[in-house]
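The next block holds one structure in the form of C-alpha cells; read it before the comments.
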Amino acid sequence: ATRPWKCCDRAICTKSFPPMCRCMDMVEQCAATCKKCGPATSDSSRRVCEDXY
C-alpha cells in the first residue's frame, strides 16, 4: 500500500489482501494529506492520523 505521508514508523496492517494499514505515529500536527486526525490515546497533547491506507 502507498502511504500518503512521508514518515510512518509505527504502521499497523491487517492480514487481508490487500492489507489495510494505519499509521500510529504520535505527532505534534498531522500531515496535510491526513483526512481524519485525532488525539493520541496515551498522550492527548499529541495527534495520530486515523486514516487507513
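The first residue you see is number 1, and the count goes up from there.
Placement of Cβ uses the backbone N, Cα and C atoms for every residue, glycine included.
Within 10 Å of the C-beta atom of Cys23 (disulfide bond) sit 23 other C-beta atoms, taking all shown protein chains into account. Feature annotation from Swiss-Prot assigns disulfide bond to Cys8-Cys23 (among others).
For Cys13-Cys21 (among others), the entry in Swiss-Prot reads disulfide bond, with the evidence type similarity to another entry. Of all Cβ atoms in the shown protein chains, 13 besides its own fall within 10 Å of the Cβ of Cys13 (disulfide bond).
Residues or ranges marked as disulfide bond by Swiss-Prot: Cys30-Cys37 (among others). The Cβ of Cys30 (disulfide bond) has Cys37, Arg47, Val48, Cys49 as same-chain neighbours under 8 Å, each 6 or more residues away in sequence.
Look at Swiss-Prot and you will find Cys34-Cys49 (among others) tagged as disulfide bond. Residue environment of Cys49 (disulfide bond) contains 23 other Cβ atoms, counted within 10 Å of its Cβ in all protein chains.
Note on Cys34 (disulfide bond): other Cβ atoms within 10 Å of its Cβ, all shown chains, come to 18.
Taking the C-alpha positions, the distance from Cys34 (disulfide bond) to Cys23 (disulfide bond) comes to 10 Å. Each residue contributes its Cα atom, and for Cys21 (disulfide bond) and Cys8 (disulfide bond) those atoms are 11 Å apart. Sorting the disulfide-bonded residues Cys8, Cys37 by the number of other Cβ atoms within 10 Å puts Cys8 first. The Cβ neighbour count for Cys21 (disulfide bond), using a 10 Å radius over every protein chain in view, is 17.
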